[in-house]
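Taken straight from TrEMBL:
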type     : residues  : note
DOMAIN   : B:20-242  : domain 'MacB-like periplasmic core'
TRANSMEM : B:21-40   : transmembrane segment
TRANSMEM : B:280-304 : transmembrane segment
DOMAIN   : B:283-396 : domain 'ABC3 transporter permease C-terminal'
TRANSMEM : B:324-350 : transmembrane segment
TRANSMEM : B:362-386 : transmembrane segment
Amino acid sequence: MDTAPLIVFDKVWKTYGQGEAEVRALAGIDLAIGQGEFVAIMGPSGSGKSTAMNIVGCLDTPTSGRYGFMGTDAGRLDRNRRAVLRNLYIGFVFQGYNLLPRTTAAENVELPLIYRGVAAHERRALAMKALAEVGLEGREHHTPAELSGGQQQRVAIARAIVTRPTLLVADEPTGNLDTARSHEIMQLLTSLNQDAGLTIVMVTHEADIAAYAGRTIAFRDGHIASDTKKREAA
Amino acid sequence: MIWETVRLALRSVRRNALRSFLTLLGIVIGVAAVIAMLTIGSGTTEKVKADISQLGSNLLIVRAGRPAAPGSGPQQTIRQFGDKEVAALTAHLEGVRAVSPASQKQVRVVFGTESLTSSITGTDNAYLDARDWKVASGRSFSESEVRGGVNVCLIGETVRQQFFGSGDPDGAAIRIGRVSCKVIGLLEPKGYSGFGQDQDNVVLMPLQAFQRRIAGNRDIDNIYVAADDATPTQVVQTRIEDIMRDVRRVTADREDDFAVRDMTQIADAMASATATMTGMLGAVAGVSLLVGGIGIMNIMLVSVTERTREIGIRLAIGAHEKHILIQFLVEATVLSLLGGLIGIAIGLALAGAASLALSIPFAPSLAVVLLAVGFSALIGMVFGFFPALRGARLDPIEALRHE
């Protein structure tokens, strides 16, 4: 690896519940993801992939072990500090799009900028630019109900990239889309990774979607079962 | 940022218009009650003050019978005043502008086909002086009419309107009971008193004519005394008591068989009664505001639960706890403030209607309105805090999973 790792898991454990009912979601994970990588995380449900993704996205913290993000000990930060970290460096794309209903595309995209304290006119300009990047010119004032699933996911991606994050965390981004739409979204993510150098960590259970990523990590029972890098296509 | 949040809150209130309105009702009713009560209360107080100055704040009324004392039993036969009391006061009382006898009786007055029960007062011209009352048109009684007890009368505005509309009553003959009486003048309108009496539904006639033809006796109910501006009413009151005891032969070991009342005392009693009333209704309004506040808390809890997913999204993309807290706090405050504003409008409208109906001045107070605005905002903040905190403390992962 020739870049300093962006994400470092050092013997990360995550357990839920106590005593008999204790569930081990992650059992001592060691992992490093470098800047600019496009990583797909795969695995059956209960394998710990969602937990890993939540920790990567600074939404959750390990029970033990160290989670380092951009050189900070992100696993030890309180929730408000992690909120700042998310706001500044991480964008999220979810399976169910998670747009605010009855709120226009532009307003949805502006949302993270509000929490950054960006002025209204600047916010609007940045949102317009992000929407243009995902190919949604002319749809800025549509509400989610007026947009197709693919378009909604593009709005969600625009919202994730409007802050120019270092890391994009995508949780089954194509899970609700048909094949054609899925591939469009994946092409968009791939170009963000290749052209803008955005690091992407994506959870999926579809092999053809994972194939877009440069590296695929498979989880099983809280362990990493495999970690394979695609050979560089010249 | 704050403006942004307020806009967001307004939008959320608008989206659930009916629900918001029903939630607001408690606050609306509470604030409307407070505003209406305080406005009507201060209007009444103003009216009472105006009445005092209209009656002449230096007016004293002397009445036959013991001064009313709390717990005193039924009075023995009242020894009525006669001419000698009036004569004695007129002759010996110093520091006064006017002394006037007055006897009253409610009698049916008829003119043409119209009739009206009016307060007939037998008196003299000094009564007009004592009560600071002017003749609007026509003239007051002449010396000979008073002395001879001629059937002439001055009528109040209400009587004029009943019988003559806006026409000139001068010279018309109205019937008071069985007696025909010639109208010689019209009194200027005084409106309702703070006690709710129509002061213009009156007919004044010479005392002698009243005694002979209306009352059928020579009693005098009241003696009106107006102190001059240089003499305090208390001093005049003492002098009246001395003269009256002397003329009515009340020895030092016996109680007075007459009472002197100062108008300012009556007005004070009235004002304190109004204040008590306002206070009690204020307490009722306070309970309504409390209930309204609980309503807001309830609806905000519902709102936080409904929008758990939205909170999850906001937290995930970098909202602080305090951002969520402020968002819902502002929403609760906007909600209750809206209720407060509607309540103020309704309260002022009610007070306006009441002031028209009771003919008291409409006296809205900016301080009261601002207080109501501040108080309703405070209710929103206090009762919105717990739900907002609950929203802010949500776990983003759980919240995002919420359906």
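Keep in mind that glycine also has a Cβ here, set from the backbone N, Cα and C atoms.
If you look at the transmembrane segment (B:324-350), the same-chain residues 6 or more away from its ends with a CB under 8 A from one of its CBs are 2, 5-6, 8-10, 12-13, 20, 23-36, 39, 292-293, 296-297, 299-300, 303-304, 311, 314-315, 364, 369, 372-373, 375-377, 379-381, 383-385, 387-389, 391-392, 394. With a threshold of 8 Å between CB atoms, the same-chain residues lying at least 6 positions outside the transmembrane segment (B:362-386) that come near it are 27, 31, 34-35, 38-39, 42-43, 46, 289, 292-294, 296-297, 300-301, 328-329, 331-337, 339-341, 343-344, 347-348, 351-352, 355-356. When the domain 'ABC3 transporter permease C-terminal' (B:283-396) is classified with DSSP, helix, strand and coil residues number 98 helix, 0 strand, 16 coil.
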